[in-house]
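Annotation comment: TrEMBL describes 11-341 as domain 'RNA 3'-terminal phosphate cyclase'. As annotated by TrEMBL, domain 'RNA 3'-terminal phosphate cyclase insert' applies to 183-287.
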């Protein structure tokens, strides 16, 4: 397949992960030129090169060419292989940044993927492992990717700048995905959270919980926020604390929000009380945006709909994030698929912000490397 399809060409470093993931799934080679060509320090950053190495590990027979300055990249995808792997992520980005892409690729491997990732588990930029653990598995189950093999486990926490966290991710393979009709998010029925503290006083986590509850208790009684204080070797190499909150609805959709403290030696000190209150407000904002999938996982849902059987899939989302909008453009380039987008104004629903109903017919993607028993 890769032999027949012509390669796609892009300029610049934006959306590098999207392009490599979609290239791997579609079998179409990608050329990316002028990566930070005009900056003082041109070319790929450390974490991007690290991500390319990870893609190389999970595939078999990929051809990757990077020029000497790192400003041009050619990638011809191989077959998704999977198996048991280990990978040390760059401490500049959190493990969640790598996991987002692995969630897209894992169901289509030849062998079920089981990978140990080491690095930063929670930071201020990327989705944390806690949030992905709460939201991604239920979303994958909607598409028929479930069973005992689907697991995301945090064995050690690592905060920036030095990291030291460890996560185990395993995912079963599927030959085909089932189409979904996920258009009614339902009402919020419970909120769960995780307040974590590493290499600081365990009391900080309790202070975060109290301040978050002071806001959320006004809306719903069923709130439980766990505290997680890791000691010794399992606490990584840098101090820090944070909170991730997940709201579950009556129809099984999940909305999340999270905040982490500033990395050691960077920025002003954050009070646990402020962090708890601000995180609770962020969750309420996400609930206002609404939809059946929260803004961090919009692109994962749209990708799995695209790759589903040749049947209609529908999902109701809150306002599309800029990342998702670019992702839709990439889906059109790689898979020639267009979504029907209908806006639902808040008057129709009387709930929250404007919603978008996304409809598409899957391309009938089949996992060719999965042997038929």
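Even glycines carry a Cβ here, placed using N, Cα and C.
Counting residue by residue with DSSP, the domain 'RNA 3'-terminal phosphate cyclase insert' (183-287) contains 34 helix, 36 strand, 35 coil. In the predicted structure, the domain 'RNA 3'-terminal phosphate cyclase insert' (183-287) carries a mean pLDDT of 93.
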